[in-house]
Amino acid sequence: MKKHNFSAGPCILPQEVFKEASEAILNYNDSGLSIIEISHRSKDFVDVMEEARSLALELLGLEGKGYKALFLQGGASMQFLSVAYNLLQSKAGYINTGSWSDKAIKEAKLFGEVVEIASSKDANFNYIPKGYTIPKNLDYIHCTSNNTIFGTQIKDFPVSEAPLICDMSSDIFSRQLDFSKFSLIYAGAQKNMGPAGTTLVVIKEDILGKIERQIPSMLDYKVHISKGSMFNTPPVFAVYTSMLTLKWLKKFGGVEAIEERNEKKAKLIYSEVDLNPLFKGFAVKEDRSTMNATFTLINEDLKETFDAMCTEAGINGVNGHRSVGGYRASMYNAMTLESVATLVDVMSDLERKA
Ligand SMILES: *Cc1c(COP(=O)(O)O)cnc(C)c1O
């Protein structure tokens, strides 16, 4: 039986995508060849890469606005350093909203001065800082739109004249934003787009070429852009499968349609967390993420029973991250309302039993 997969990442993808991707492993487009055995320079694969790149821009509403989409390797973690390598000349500002921001800050410090503009570390990152002042003369501002581990999400992004850079690994394509406010967006595929192994980087080209340091080719965004995201062998299966998910999303109605469903799912789980006396939410209400809902059992003695009931209902991957504890329900784009309803039913069954 297919499980209800609430894993934070790698995570759920649309069932149709799993099916099409597995067929392509055996016989791509009736070619008698697998998608993973053909040359990445073949027309078949170049078409896949180009479609993935253009779908990404189209779904974000960034076509014809000076942006380029790349599918790179090294995960979002590689972008922590690539961003600084390519863009940090003297001083950059970082908003610290969780472990991933923290890691991005650590890498950036190798390349220049880093100003931590705001942080919610004082409360184990259970909120999004607000009302901070942004210093002048920053090379860029970096933020993390959705904090996968803590279950918080930025609703109002920093406004300044410095280019805005955002790690959107766990909420890209999940909600409508004016994406043209961002100069660079990156996202590891394995949270909301595809299998692990590739990272989407969307760059406004005019921010590049402004620093003095020499950049190794593999880390140089300009090199990857000039080679159509094919400077070296790309992770063909991860790119192909991401392309299938983006196609699925377009057919679903795009970001607008998925956002509506994501909001319904979030409402469903959070209303149970708030109304059920056995549970309490981790993140402060106004900053709650629509992607990752974090909550704990008030009485830890019920853990064994609740976990067993989850397993019985075919629910997978709801354990919280070790730095938060409790539970985390990740409800990425591919998750249906029915799967969330199944978890909510188990939570209310527990209340009836306890
Ligand atoms: C998972 C995650 C990362 C790390 O991604 P990798 O691809 O494993 O390097 C970075 N940022 C956020 C917000 C994440 O959720």
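Every residue gets a Cβ built from N, Cα and C, even glycine.
Bear in mind that the values here come from a model prediction, so they are computed numbers and not experimental data.
Per TrEMBL, the features are as follows:
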DOMAIN    5-342  domain 'Aminotransferase class V'
BINDING   ARG41  L-glutamate binding site
BINDING   ALA76, SER77, TRP100, THR148, ASP167, GLN190, ASN232, THR233  pyridoxal 5'-phosphate binding site
MOD_RES   LYS191  N6-(pyridoxal phosphate)lysine
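Positions of TrEMBL features highlighted on the structure.
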residue	record	Cβ contacts under 8 Å, 6 or more apart
ARG41	L-glutamate binding site	MET230
ALA76	pyridoxal 5'-phosphate binding site	TRP100, ASP167, SER169, TYR186, ALA187, GLY188, THR199
SER77	pyridoxal 5'-phosphate binding site	LYS103, GLY188
THR148	pyridoxal 5'-phosphate binding site	ALA8, GLY9, GLY98, TRP100, SER169, SER170, LYS191, MET291, ASN292, SER330
GLN190	pyridoxal 5'-phosphate binding site	GLY9, PRO10, CYS11, ALA196, GLY197
ASN232	pyridoxal 5'-phosphate binding site	MET218
THR233	pyridoxal 5'-phosphate binding site	HIS40
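The pyridoxal 5'-phosphate-binding residues named in the record, ALA76, SER77, TRP100, THR148, ASP167, GLN190, ASN232, THR233, extend over a maximum Cα to Cα distance of 30 Å. The number of other CB atoms found within 10 A of the CB of LYS191 (N6-(pyridoxal phosphate)lysine), across every protein chain shown, is 27. Within the set of binding-site residues SER77, ASN232, THR233, SER77 have a CB atom less than 6 Å from some atom of ligand 1. A 10 Å cutoff on Cβ-Cβ distances gives ASP167 (pyridoxal 5'-phosphate binding site) a total of 30 other Cβ atoms nearby, all chains included. The DSSP secondary structure for ASP167 (pyridoxal 5'-phosphate binding site) is strand.
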